[in-house]
Structures are given as C-alpha cells and as structure tokens.
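In what follows, a single structure is set out as structure tokens and then discussed.
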Amino acid sequence: ELLKDYRQGDKVLQLRLEEGKDLEYCLDPKTKELPPLRNPDILVGENDLTALSYLHEPAVLHNLKVRFIDSKLIYTYCGIVLVAINPYEQLPIYGEDIINAYSGQNMGDMDPHIFAVAEEAYKQMARDERNQSIIVSGESGAGKTVSAKYAMRYFATVSGSASEANVEEKVLASNPIMESIGNAKTTRNDNSSRFGKYIEIGFDKRYRIIGANMRTYLLEKSRVVFQAEEERNYHIFYQLCASAALSEFKTLRLGNADYFHYTKQGGSPVIDGIDDAEEMVNTRQACTLLGISDSYQMGIFRILAGILHLGNVGFTSRDADSCTIPPKHEPLTIFCDLMGVEYEEMSHWLCHRKLATASETYIKPISKLQAINARDALAKHIYAKLFSWIVDHVNKALHSTVKQHSFIGVLDIYGFETFEINSFEQFCINYANEKLQQQFNMHVFKLEQEEYMKEEIPWTLIDFYDNQPCINLIEAKLGILDLLDEECKMPKGSDDTWAQKLYNTHLNKCTLFEKPRMSNKAFIIQHFADKVEYQCEGFLEKNKDTVYEEQIKVLKSSKFKMLSELFKDEEKALSPTSATPSGRTLLSRTAVKPAKARPGQASKEHKKTVGHQFRNSLHLLMETLNATTPHYVRCIKPNDFKFPFTFDEKRAVQQLRACGVLETIRISAAGFPSRWTYQEFFSRYRVLMKQKDVLSNRKQTCKNVLEKLILDKDKYQFGKTKIFFRAGQVAYLEKIRADKLRAACIRIQKTIRGWLMRKKYLRMRKAAITIQRHVRGYQARCYAMFLRRTRAATIIEKFQRMYVVRKRYRLMRAAAIALQSHLRGYIARNRYQKMLQEHKAIIIQKYTRGWLARVHYHRSLKAIIYLQCCYRRMSAKRELKKLKIEARSVERYKKLNIGMENKIMQLQRKIDEQVMSQVKMVRSLSSSASIFELWAMEEPSEKKALLDMSLFLKLQKRVTELEQEKQSLQDELDRKEELALRTKRQELESENKKLKNELNELQKALMEKNPPEVTAPGAPAYRVLLDHLTSVSEELEVRKEEVLILRSQLLNIPAQRLKLYISGEIWDVNAKCVTQILLGFCRLLESQLQSQKKSHDNELEALRGEIQSLKEENNRQQQLLAQNLQLPPEARIEASLQHEITRLTNENLDLMEQLEKQDKTVRKLKKQLKVFAKKIGELEVGQMENISPGQIIDEPIRPVNIPRKEKDFQGMLEYKKDDEPKLVKNLILDLKPRGVAVNLIPGLPAYILFMCVRHADYLNDDQKVRSLLTSTINGIKKVLKKRGDDFETVSFWLSNTCRFLHCLKQYSGEEGFMKHNTPRQNEHCLTNFDLAEYRQVLSDLAIQIYQQLVRVFENILQPMIVSGMLEHETIQGVSGVKPTGLRKRTSSIADEGTYTLDSIVRQLNAFHSVMCQHGMDPELIKQVVKQMFYIIGAVTLNNLLLRKDMCSWSKGMQIRYNVSQLEEWLRDKNLMNSGAKETLEPLIQAAQLLQVKKKTDEDAEAICSMCNALTTAQIVKVLNLYTPVNEFEERVSVSFIRTIQMRLRDRKDSPQLLMDAKHIFPVTFPFNPSSLALETIQIPASLGLAFISRV
C-alpha cells in the first residue's frame, strides 16, 4: 500500500507491506523505474496466471506462493502450461473419485490438475482426430515422473481396455519396472529418473487403450559404477541385496549393500519410508504381468548380481604399465560362474588389451588405473545392454496386434540443469531442453496469433526469444557436437585439443559462446534460461563410450543363453536411444518419417558416438512432437531440502525461467493478456453503467461504456466475441468498480446510520413522555388513596357497630330454630318407620303368593305334557304303518317332502316359542334379581332408603335401554335374513318365467319351420309331438307345485337348501332325459329329507345346549346375587350395573357374529348356485352331442337353447407350450412401455405372467412352470440389455419385476403374505409348487434392474448437476463474474444450451411421473429419489471442492437457494420422509461454511459443531479454497485454518476428500400386496395375446 502519493522527482517511496511493516523503497536514480504494481486482492490466488491484470515476475511468484503455501494447491495454469509444484507430501487428490470428477469436464471448468491436462488431451484426440503429446519437464526432484505416472493412470482408468488382456494394467505395470532399473536416489530426489522416456499410448477407433510403446533417452550409465555422497545406485541393486535371503537368490551369492563397491560409494544405502524388499516383490509382479517369465527374471537378476560382483574385482600393480588379478579371486570367480565364462580368459582380458595395426596384432598389458576404468566400462556396457533388452521386452508386451488409430505420447524428460561442475550429461540435457523450448515458444506464439486472427483484431508482431542461434551453435555444421565427433575420430584426440578447436571456431564469432577467464578447459554457453559453464574433461571419453572388444567377445562366448542374447549381433541390437517399431498410424497431416535401413548402416551404427545417436533420437522426437498437439506440464521444485510445503522464491524463479513459464507470461503481456466475453464484461461492470446506457445489444453497450471509462483506445480492442485488454486495464476497471461500490456502501451506511439515530431519538422521546405520564399518575393515585382511606375509616366504624348488634340477634334466632328442627325430625322419623314396615310386609306377602301359584301351574303343565306325549306316540305308530305301505311310490316321496316341510315349519314355530319363553324367563329372572337386590339394600335409615330407591330407578332405566338396543340389533338381523330370502325367491320366479317363455318360443318356431303336411293332425310327427307335449305339460304342472312349495319354504328353511331345489328347474323335451331327471330328483329329495332330519336333530341339540347354558347362567346370576348381597350398598349397585352392561355387550357381539355368518352363507350359496347351473348346462350340451344324426332325422325333436350365465373366471390364463416364445416376445421383448403405462393398468405384464404361472401350477406341470419363469427372467434381461439406457424401459421393468415378485409372495400360500388377502384371493393361491427359489432369483434381478436404473438417471443428471447447481446464477446479480485467463470457464449466464436448476427440477418431475405411471411401489420410489438426491449432492460437493472460483460467500447463498428449491420439490411430491433431504446435508453444511464468519475462536467452535456431516479434509479444503469475489470479503487466515484442524484432530472420519458419487444405497423391496382381483383383469387386443385364453 502506498502511504504517500508519488510525485515526479521523488527518490523514495513510502510503502506498507501486507504484514503491516513500513518500508522505504529507493528508486534507481538512472532508470527511475517504479516498482511493479500489485494485482487487486480479487485476483490474488487465481487458477490461471494469465488472468492477472499485471503480468510480471513478482506477481507470478506471489500468486504461486499464495496458492501453494496458503491454499495448499500445487497446480496452477499459466496459459497453456500447467505448473506443478512438488509438495514433498502425499496428497489425497489422485484417487478414483478425483479421476471420475475430472472425466468429461472442460479444462477451464475445474481447478488446475494433471488430470485436467490428461482429459484435455484425450478429448482433443477424440474430437480433432489428431495425436496428442504431454510434455513433462522440470529439474530432478520436481516431480516429473510422478506427474507422468498419474497422466498414464488417468488414461488407463478413463479409456479402459479394448480386449480381455487388460492392456491398461500392463501400461501401468511398466512404471515399477522402469523405475527400478532407471531411477535412483540423488541429493535432490529420492526417486530421480536417470533417463528420459517417451511413452506412446495407443488407442483404437473407439479410443480404448490397445497398447503402448516406449522410447528411452540418454541413460546415465556412469551411475552404475560411481555415486556421489548421499546418493545411491539404481534401485534394482538395493532391491536385490534386500532380497538376498530368499531361497531362489541363494545362487547369486549376494550380501548386504555395504559389501559391494558399486552400492556403497554414496554412503546412503537406505531411503526413509521405502522397503526395498517389498519394492522387489512389486517389480517381480510387474515383470510377470508383462509376460517376462520367471526364468528370464532370474536371468536378469543373475546379470545384475554379476555386475555387483564385477565391481568388487580388485587389481594388483606389477609395475607402472601392468597389473594382475590375484589367483582364484572370489569376486571374479563368482562373476564368471554367474556369466558362464572362463575365469582365465576374463582375468586375462581385464588386465590386457589388443592393439591391431595394418600388419600385425599386439597384446599389451594395461595399468591398474586403466584396468579399473576398463572394468567399469564393461559393467556400464552390460547394464546398458540389459536396460535396452528390458525396454525391448516391455515394448513387445505392450505391442498390440490391432491396428492403432491414434496415440497420446507422454514425454518424461529432464529439465534444464546447471551445477557447479557440468559435464557431457548436462550438455546433452540442456541441448534437448533448447529444442523443446523452441518448440514450446513456437506453439505459444502460434496460439496467440490464431486467437487474434479468430477475433479479427489487428495483429502486431510480438517479439519473443528465439533460441535457434543457440541450437545452431550446438548441432550445426562445425558446431560443438560436430567438432566433438571429429575429435573423437582423431588418433590422438583429447579434451584439451577439442577445447582449443572450440575457442578457435566460435570465440568472438558467436555471442552465445564464451571462454572462462581462469580456465582453458571449459566453455560457457548462453542458454535460454541461464549461462552454463561446461568442463571439457571427460567429454571425449563419454562421447566415445569405449569398451574393449576382447572383453565383449568373452561375454559373447558365454554358456549363459540370456547373456549371449544381449551381445549377439551387437551391431544390430537396439541401443538405449534408438526407437523400436511401434506399428502406429499417425493421424496428423505431417507424418513422421521412419528411419530407413540402408546397406552398410548396421556396421556403421556401432561406430556412432553417443552425441550423434542422441542428436538423431532428439530429431526423431521433435518430428513426433511437431506432428502432435502438445500439452505442457512444468514441474517446479519449491526447495532443495525436500521440506513439505516450503517455498524458496529464488529457486522457484530460476526454474520458472528455465522451463519457459515466464517467457509465456512475457509473450502474453506483450499483447492483450486480459480477455472478456461481452456478457461477462456486462455482468461484472454493470454497476458502472447508468440505466440509459444499457441497450439490448450487449456488444454496443460494452463499447459505449469502455469509451467513457478508458480514454486511450490503444488499451483495448473489440473482437468478435471478446474484449481484449492491455496489461493493467482490468486492475484499473476493478479499482473504478470498487470505488463505485465503496461510494454506494458509504451512502447506504449514511442512510442506515441516520435511520438508526432517528429511531433511537424517537425511542428516547417516547420513553421520557412515558416516564412523565407515570410520575403524574403516581401522584394522582397517592391523593386519591388518601381520600379513599378517610372515607373507608368512617364506613368501617359504621359496619363494626352494626356487626355487633346483628351477631347477638342471629345467635338467639339460631337457638330457637334448632329446637324446632329436632322436635319435627323426631316425629317424622317415627312416621316413616311405621310406613316402611307396612311396605315390606306387603312385598313379602306378594312374592309368597306368587310362588305358590307357580308351583301349582308347573304341576298342571307337567301332567298335560305327559298326556300329550302318550297320545302322540300312539298317533306316530299309526302313521308309521301308513308310511311303510307308501314307501315304494314316487308320490309318497313328494307327500313326504311336503309333510316334512310342514313338520319343519311346525318345529321352527315351536323353537321360536321356546326361545320367546326363554327370553321371558330371563327377563323375569333379571327383574326378580333386581327386587332381591332392592330388598337386600334396604336399611333402617330413612335417608339411605330414599337414596337406594333413586339409584335403583336409574339402573332399571339403563337396563331397559340396553334391552331395547339388543332388540333393535335382533330385528335388524331378522330383516337382513328376510331380505336375502326374498331376493332368492324373486330370482327363482324370474328364472321359471324365462324357462316357460323359451318353451313357448320353441313350440312356435317348430310350427313355423315344419310344413303343414308334416304337422297336420294324424301325421306321425304330429302324434309324437303331441305325446311329448302332454308329458311336458304334466312335468310342468309338477314343477309348478314344487315352485309353490319352494315359495312357502323360502321363509323358513336355511339358505343351504336352496341349491338342491333350484337344480331341478332345468328340463328337456326328450322323454328319456325327463325320466332320468325325475329319478335323480327323487334321489335328491330323499337325500334332502335325510339332511333335513339331521339338521332338525342338530337344532334340537343346539336348543337343549342353549337351555343348559341358560340354566348355568341363571345359577351364575344367583351366585353373583348372593355375593352382591354381602357387599356394601354402593359397591353392590356398581357391581350389578357392571355385570348387566357386560351381559348386554356380550349378547350384542353374539348377534353381530351371527349376522356376519349369515352374510357369508348367502355369498356361498350364490357361488354354489352358479356352479350347479353351469354343470347342468354342460350336461345338456353333452347329451345333445351324443345323439346321432340319423336319430335327429327320424325324430325331428326341437333342440332347446339353454341360456348360459356369465362365466365365472378363476384368474388364470391358459396357453400352449409352443406359444411360450411368442408370449415372451409380445409381452416382454416387443412391448413399448409408454403405451402400456398410459392406457392400461400398472403392472399388467406382471399380472399376465403370474396368471400363466397359476395355470401351469393348476395343471401341476413342473416343466411348464420352470420354462415360463426362466424365459421371463431371460427376456427381461435381454430387453434391458437392448434398451438399458432408456429410463422409461428400465423403470417399467423394475416396476413389473417387483409386482411379479409381490404376486409370487401374495399367492404363495404362506400365512405371513396371506393376511392382507381377500377370501377370493386366498382361493387363488398356488397349490402345487413352492417358488421360493425363483422369488430369490427375481429379487436379485430386481436389484440388478434398480442398479441399472441408478446408472441411467445418473448419466442423465450428470451433465445437468454442476451447471444447474453451481454455475448457473439462480439469483441474478448476487455473484459477479471474476476475470478469467486463457482457460475460459463455462459462463454462469444462462445460454440456450445451458442447464439450469429448472432443468434439474423438470427432469426430476419427468422421472417421478414415469415411475408413478408405471405403478412403482411408493417405498421404492422413495429409495430412487433418495439415490437421485445423493448423486446431486455428491457431484455438486465434489465439484465445489475442486473449484476454487466456486468457493465464495455469494456462491454459498446460491447453493442454499438451490437446495431449498429441491426441498420444496420433495414437499410437493410428499417425499420428505424418504431420507432424500438428509443426503443433501453435506452440501448444505458446505454452503453454510462458505457463508459463516471465519475469524475468531468462537467462529471456529461454531464451524466444528455445525459441519458434522463434512470430513475434516473437506472442511479444510473449503476454507483453503475460499476466495473473495468482491473487495469487501476477506480471505480465511492460515491461523484460523490451523485452529480448525486442531479442534478437529480427534474426530475420526474418512481421510477421503471427495464423496463417493458412485455409491448406491442398499435397496429393499417391501412386500406390497395388490387388491386387484385376478379374475377381473382383461387382456387388451393391442398386446397381441389372442393365443392365450382366460380360465
């Protein structure tokens, strides 16, 4: 902050830093340049560095530091470059959930991440059909290998494999192998890649991984034989030593790493946190996965162990020019055994070399130093060959036989390096980086140019650094590499002579080449990043890479097959830097030219120097990169001490310069770095416009406003869709906007404060007036009190005197009254006692006389009954003789039947009379009990007797009411029975009339059809018809008599007998048939007589039982009466009342049960009536079919058309076994859910299938049941596989599968499922098969369909959620649009194709409507909705946690509003109890966290208690990402975040950052029986099921 305004000529600036410290900044007196301006707070911590208004090194560095230190964000965009800072700590941001979150997203829509770059490359490959490259570069220890590894993991996860071979796993498995043989610990990195690699991941036409190919560059072979202090050799050597105790490694004779010379030089054999033995297991597993057999693996380990033992070989000097190896030297012996070579030959050629001249060959001994160098050179050469062999086999394992359609290359290569001593390796590395930087600059420049041309703004040439001169210095003719190769060919070439040639050729001729002042063996090159001084010593040796040919020949003659493979045809063997054939097809316009093999090339290849090979491979790499679309990842090392989240600004700036990030910034800053769409500019700076400035044309509005705000038109340009600003202009606009908002805030504050002060004044004035009013009132009340007290004293005196006199008078009056009352009471009691005694005597006389009269009556009645019995016995004997005589006649049966009916009617009357007598007896008993109670309750006291009398009258009234209620229920029962019988009688009469009418019609038809001569009197046919007519008339008369009998009997006989009489109503014109029917009718009457007799006996027994029960009840009543007499009067009355109420209640219940039984009997009789009518009709039809055609001609008898009643369906569907495929096809495979759901009942296919299963069960056809169920399940699976991405189809079959499952349960016959059924439904239960196993299969199928339904609506909702819940501004104007960089985000302004919250709600409505139409169970709908809301909440929260621009106060309010709309939807659909709202709780708490105050310890406590549904990682992540959108918001301090972490450290929750959006709640299918009757279901013709019939 500037404390004092700057004026022209000031030498010092007064500044205040962010920490609050004041600083005096001295200006440079020569340049007088002011310090770079700071970006507004709103832009600090931006995702994209190009979004900064001021683009310079301090702003870039500060932005990276804020993101890395404060927000713990390691990734930042810089235009097209992803800057990745190594955190030196494991972060939970690379899991499967993060990959799923970034999959399918636009690069600018999510926070910077390596997955975003990988997704962009994958998407562009599919969209543009052009190969892609991801170039990962950086210093050692910056995290290049890890970044490349995560990019490859992303491709493997997202794309999947095109075959069963799991190629993506093999691609990932190549990483541990290459790390073990190519990575080592250095002072800067524990897992430093000591080689460069370019991996091409191949894809097919569907963009699935089919294979991969790897190229390697410049393996650091010197590390095999030498390691600096605190460094290690390659990991594989230490893994071998750590696994030496394994049985299979005993033959390798390994030991501790400190034992071998090649592994102990660094003095640091162990890496903290790394178990080398465990890493060895991972390496072997990866080898196995890539097809390297165990024998080959042991061969690799054998060669590596041989290299370790070779390093321990020692030499003894004989003289200055010769040396020797001690005899039977153990390390050499072990080496020769492992390599399968002769000990003598190897020991000889390790100490000698062969010199060949034109004429002869010499064998010359070498010195000890030369022997050691030769030994080390051999070890390096063997390791290099083994490395190449492993790379070759990895490529073979990853090679695909399928034609490659496209590829994505991942280049993991060393970044620019500069050390105190730089040698040949650093020279090659920096040369490669010069080539990559040139390609990078050209690509950035090209993109800028394309953007300007696309927007049609004036294009001015931007000057950028071109490093072509430096590249020419290295690789051109007579360049450094050319001179080095030439010097290597010279017989006596040395590093010194080569240095002199360099000085002579380039010094003072090339500005980029310099000579150090104090050295003649070094040179300096001005690279694009920095000046680097290279030491010439060792350049020639490393370039030649010399190995003695004799030692190679000894190894070639080895008995070890694998070793001989490494050196066989060495000239043709693949070098570590050569490319293997990949078999790929490039999609770019410029195809890469493969190296063509020329005659004689193989012999020359071996003579090529390392520099020449590296240059060729680098040219091939650049051709590949130029033919692809590049994506850049620049890895930055924050400090040299591997401290987590520690930022060293100087080291960071060096690397930013070295990797070209600042060059990108400079190119962007030179043009128009800030770019806004017109809509975004309008939304952000609407506050700067007046109402009259706002036009319907947004573009013209922005132009008018900008011309007023920025007068210099060179500071901005208008493109077709964007406005381009020079550096600093966005900061200027932000300042104007902030000033405008600040002025508005001041005005609002002024108004509010004035309103508050006025309100306070009015409140004080009102309080003063109130106080005055109360004081004056108090004074007036005091005076009034004085007056009242004076008057009260006078009144008190008056009333006191009056009281004394009145008291004396009342005392005298009370004494007189007491005397009178006692006297009158005594006289009245005497009179009452006398009356009471007379009354009791009368009652005793009455009951005694009544008892005597009843005794006399019972004796007389008994004698009369005895006489009647004797007479009736005599009459019965006479009647028996008559019955025996008439027993064999048919007429007798009829008369007997009539007589029996009369007897039954008489018995019924007698029973009724007995019942009435019993009722009267019960009533008399109850009245006598009441009298006895009354008598027992009387007491001598007159007052008590009056009280008991009133209670008795009340109880008697209550008993009368209960008796009346009982009588009304009995009358209602009788009325319903009479109504049912009358209905039956009317039905029988109507049926009789119909039959008569049909008979008349048949006679008329016969008369009309036959000619007159046939039907004339006297004709044979006429006589036959006349005879038949006579017999039919007689039969009709008989029927009439039976109908009259039935009419009389319908009033009394039980309903069970109706079916027996009605079955005799059907007749035929055939005489034989009539005779048979009459005989059958006689037998029927006889059986009916027997049944009536039985029923009569049963009724008599029932009446006797009832009399017995009444006697028992009477005895019980008497016992209760005796008990009541012993109770006190009050308890006695209460007990008798309770007893009477209980008795009447029980009688009412009995009557209700009888009524229900009568209703059931009536329904049962109706069903039986229909069944008998149906059977008689079928019998008639069968008899007509049995008559031959001749009989019909001879006897022209008219057939009777008997009317069929409506068929009684049993809820089954019959089909033929051959029609089963057609049934499945029409009902399942070809069924369209939309038509069925709208026009027919829900679950119709399920009901139809179950009715078919019922019929198969009815037939007891086991094979048919199993076949149908299996076909049904397979058909549902097939249709879901075919149309499984259609929500309606999946919902329809989920609903029908559940309904089918419920039907199998409902009609299974198990009691637990039958309790909700109607009696008719219980009749439809399955009888033969237990389908519990199939119920389990259907339940599993329903779970699968449910999971498929979840996937379908997840795919539909997924693209809507982020846009509708996060990006779209539901409340317009709450959150302004922030400036964005090159990676433009999706606009929050709703365009036509943008999803909004309304889109989500409409989709939810559509889902709910479809499920309801399909009749899905309500509980299942609740579970589906809960899963939908969980997905919405999880995806929204996950995106919120991955998007810094969404973590602001205004966005929290938007989310709260959106969630409230979803809750409102739940209320409208009555789904608040579904648990869906609870799934949104983490999102709600995240929104609250964005809105709450975040400063004090109290705020921290409130946050910890509020956010119980969020994990600690999520809370800290939201606080780290919280970004102010306006100047008035404040960032969350680091100390506050630490306070939160301290408070939450004891909370035990998942360390996972993101919610599992793929989680599916367990689904249950609660049993939901259907009330639909199966027999009422109609099959529509539209289903095409005419081949099945209802049964």
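Cβ from N, Cα, C; glycine included.
No curator has checked TrEMBL annotations; they are predicted automatically.
Worth saying up front: this structure is predicted, and the values here are computed from it rather than measured.
Listed ranges 683-720, 873-910, 1253-1290, 1443-1480; the one TrEMBL annotates as coiled coil is 873-910. When TrEMBL is compared with the stretches 342-364, 618-640, 1492-1514, the one noted as region 'Actin-binding' is 618-640. Around GLY143 (ATP binding site), a 10 Å sphere centred on its CB holds 25 further CB atoms from the protein chains shown.
For the recorded ATP site, residues GLY138, GLU139, SER140, GLY141, ALA142, GLY143, LYS144, THR145 set the reference point as the centre of their Cβ atoms, and the other residues of that chain within 8 Å of it by Cβ are ASN86, ASN189, SER192, SER193, GLY415, CYS635, LYS637. Each of the binding-site residues SER140, THR145 was ranked by the number of other C-beta atoms within 10 Å, and first place falls to THR145. The binding-site residues examined here are GLY138, GLY141; by Cβ neighbour count within 10 Å, the least packed of them is GLY141. For the domain 'Dilute' (1270-1546), the model's pLDDT averages out at 86.
For ALA142 (ATP binding site), applying a Cβ distance below 8 Å and a minimum sequence separation of six or more within one chain yields ALA84, ASN86, ASN189, GLY415, CYS635, ILE636, LYS637, GLN655.
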